[in-house]
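Asks: The Mn(2+) 1 binding site annotation in Swiss-Prot covers D13, D339, H340 and rests on sequence analysis. Per Swiss-Prot, Mn(2+) 2 binding site is recorded for D298, H303, H351.
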Amino acid sequence: MSKFNRIHLVVLDSVGIGAAPDANNFVNAGVPDGASDTLGHISKTVGLNVPNMAKIGLGNIPRETPLKTVAAESNPTGYATKLEEVSLGKDTMTGHWEIMGLNITEPFDTFWNGFPEEILTKIEEFSGRKVIRETNKPYSGTAVIYDFGPRQMETGELIIYTSADPVLQIAAHEDIIPLDELYRICEYARSITLERPALLGRIIARPYVGEPGNFTRTANRRDLAVSPFSPTVLDKLNEAGIDTYAVGKINDIFNGAGINHDMGHNKSNSHGIDTLLKTMGLAEFEKGFSFTNLVDFDALYGHRRNAHGYRDCLHEFDERLPEIIAAMRENDLLLITADHGNDPTYAGTDHTREYIPLLAYSPAFKGNGLIPVGHFADISATVADNFGVETAMIGESFLDKLV
């Protein structure tokens, strides 16, 4: 018999809580990640007011320096800790896959100097469109459309760029390159990047609208991932007949593997929370697992190094957290975590190698406190333990700590 009938896992994309022990092995614009601290630096530089997460225990998570504006609770309503990543990567897919029990020992390919000419030529031949060679490098997604969007509007050329992550991104103005065509080109790019020397984690369609100087990326983003190389706990749940619900880009990240209810993409964090609430309210969702990703922290503010916007985004989530708690049933468990860091005060524009926070809350809790510091995959091990299925590759359950 399951301890909790339903578990809801919410990933606050990129909300790290301090540099991981191996952070100096990872860099941003040539600067090691060893001094990165997403929540710590936001709290210190622009202030952070998240009383609802604080009540569960966010300020109680052990740190060398306590969060400046998030106090520890003497009697929190839940459990808290921080988790370390063991996989060799700091990208979204690696983080989520490890959360679901995989250890990625061979990282995907990254292209600091741009993609090989062979890749670009194949895409040109397939699409019938030229590729702007000047964008073929790690580039900020907002900067690349600012710099080359006007040219694309004139010529119809493709904007292809990458980042420190193993991704190939194609930006296209929706009035110039229709969504169906963009998605078709991305599907082709996915088909030619499934093995080395160009094994990529994701192909990302990045549509945008607007006029030169005032371009805006739309919610029609599409991620084309590869399937996990080994069964995750999602697969184990699915095989056991336990419902799995995906909210936001979760279905894309796992390429649909182990997910039997895709609730769709999010237009924003607020829309994602609305979808989660709708999912939690489904009469047929009596037992199972929901998995939500809220990406605005990362996509809108982390990469753009906008600490004020990031803080406000955290405030907005915290203000809606009581709605999520109110939608819980007596034997539900809520887990709030992240997948990597993206310190908006740090060098560069890419992710930072950090611990992730973990907050656990249930109306059924009679106790509270700290869970021992562990690893990302402990989350999936706990989910597996609760529902009586096998774990994946790694992870240790903390289910017995939740009382």
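Every residue gets a Cβ built from N, Cα and C, even glycine.
Give me the lay of the land around each of these features.
Replies: Neighbours of D339 (Mn(2+) 1 binding site), defined as other CB atoms within 10 A of its CB across all chains, total 29.
In the three-state DSSP assignment, the secondary structure recorded for H351 (Mn(2+) 2 binding site) is coil. Cβ neighbours within 10 Å of H351 (Mn(2+) 2 binding site), excluding its own Cβ and spanning all shown chains: 32.
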Asks: Around the Mn(2+) 1 site formed by D13, D339, H340, which additional residues qualify by having Cβ within 8 Å of the site's Cβ center?
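Replies: What remains near the Cβ centre is V11, L12, S14, V15, G16, T92, G95, H96, D298, A338, G341, N342, H351, I356.
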Asks: Could you measure between H340 (Mn(2+) 1 binding site) and H351 (Mn(2+) 2 binding site) for me? Cα positions, answer in whole angstrom.
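Replies: Computed Cα spacing between H340 (Mn(2+) 1 binding site) and H351 (Mn(2+) 2 binding site) is 7 Å.
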Asks: Cβ within 8 Å of the Mn(2+) 2 site centroid (D298, H303, H351 excluded): which residues?
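Replies: In sequence order, the nearby non-listed residues are D13, S14, A299, G302, H340, N342, T349, D350.
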Asks: Would you mind pulling the DSSP three-state label for D298 (Mn(2+) 2 binding site)?
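Replies: Helix, per DSSP.
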Asks: Rounded to a whole angstrom, what is the C-alpha distance between D13 (Mn(2+) 1 binding site) and H351 (Mn(2+) 2 binding site)?
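Replies: Spelling it out, the Cα of D13 (Mn(2+) 1 binding site) and the Cα of H351 (Mn(2+) 2 binding site) are 10 Å apart.
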